[in-house]
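Asks: Here's the feature list from TrEMBL:
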type	residues	note
TRANSMEM	21-41	transmembrane segment
REPEAT	164-197	repeat 'TPR'
REPEAT	234-267	repeat 'TPR'
REPEAT	268-301	repeat 'TPR'
Amino acid sequence: MKSRNGKYILSSRHHFFTKNIFILAGVLILAVLAAGTLLVLQQQNFFLPSFSSVYRDWENGNYLSCYEKTGRILAKRPLDGEALALHGFSAYYLFTAQTDVSEEQDYLEKAVTSLRKSWYRVAESEKPDIAYILGKAYYQKGFYYADLALKYLFFALDHGAQYPDIPEFCGLSYALLEDYENAADFFTKALANNPSDLLLFTLAETYAKIPDYAKAKQFFTETLRVTEDDLLTLKCRNAMGRIFLSEQQYSAAETEFQAVLEKNPDSADAYYGLGLIQEAQGDMVKARSLWRRALRLNPAHTGAFAKLNG
């Protein structure tokens, strides 16, 4: 189309496309602004993970993701009982999987703190599960927390928690407190739930500490019968040797220590035990020779060091 002065002007079609370009540019700018706003909101935790995604991670054993997501929720809702409980659960399982000592302790402390906080903010029906993990976490904190471990483990038991390792952790907690009779009772219950060579050995050691040597020998012998673990076999033999030594059955004790040396010629414990036999029989020259050998094999062997420097 020409104007009156003969020059071409924009047609209506060209005008239509120009208008659409401006509209499209506006839409793109709005989209970029919206995306930027969404990113900022996400970074500021305005959009929190859903509990369905947290539970999905939990069920799949993805404890780190569960821990991180509940941490984000707690940053905005620090008194959310459900988030606190799941944060504590995942922290405990991350603790059990750690090899780095500093990270391990951080996770353990976070587990205890989160579960203690959740205790007052969840339904009563949820407390047995919390008590179960909290009791195990307190056991892991050592001697000074063993009574709290038992408190929560008993709460879990008394309120119907069906976890087969509760008796074992009760036994371990009693053993920390040096209440070996109660420890033996719970280890016996644990064996009914989960018979294993390690539990048999632990029960035998516990009876030896009571001391009930007859039962200790019974369970050490049973451990030797079922185990395929060479290290556990050596521990049993050394323990049996010490019991026979206490009972002044020197020939039987020597048999056990020699059996250890057949499998491990560098066993400082076995040489130390043989030295004790020689001492009991009055031959201090042989005894000291055996203790020196034990100390060469293990310079940190406290028994041999004490005998040679006493």
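Placed from the backbone N, Cα and C atoms, the Cβ positions cover glycine too.
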Asks: What same-chain residues lie close to the repeat 'TPR' (234-267): Cβ under 8 Å, and 6 or more beyond its ends?
Replies: 201, 204-205, 208, 211, 213, 216-217, 220-221, 223-224, 227, 273-274, 276-277, 280-281, 297
Asks: Hey, which bits of the same chain come close to the repeat 'TPR' (268-301), Cβ under 8 Å, at least six residues off its ends?
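Replies: Same-chain residues near the repeat 'TPR' (268-301) but 6 or more away: 237-238, 241-242, 245, 248, 250, 253-254, 256-258, 260-261, 307-308.
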Asks: For the repeat 'TPR' (234-267), DSSP counts of helix, strand and coil?
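Replies: Looking at the repeat 'TPR' (234-267) with DSSP, the answer is 27 helix, 0 strand, 7 coil.
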Asks: By DSSP, how many residues in the repeat 'TPR' (268-301) are helix, how many strand, and how many coil?
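Replies: Output for the repeat 'TPR' (268-301) reads 27 helix, 0 strand, 7 coil.
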Asks: With DSSP, how much of the repeat 'TPR' (164-197) is helix, how much strand and how much coil, in residues?
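Replies: DSSP composition of the repeat 'TPR' (164-197): 26 helix, 0 strand, 8 coil.
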Asks: So what's the average pLDDT for the repeat 'TPR' (234-267)?
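Replies: Across the residues of the repeat 'TPR' (234-267) the model's pLDDT averages 98 on the 0 to 100 scale.
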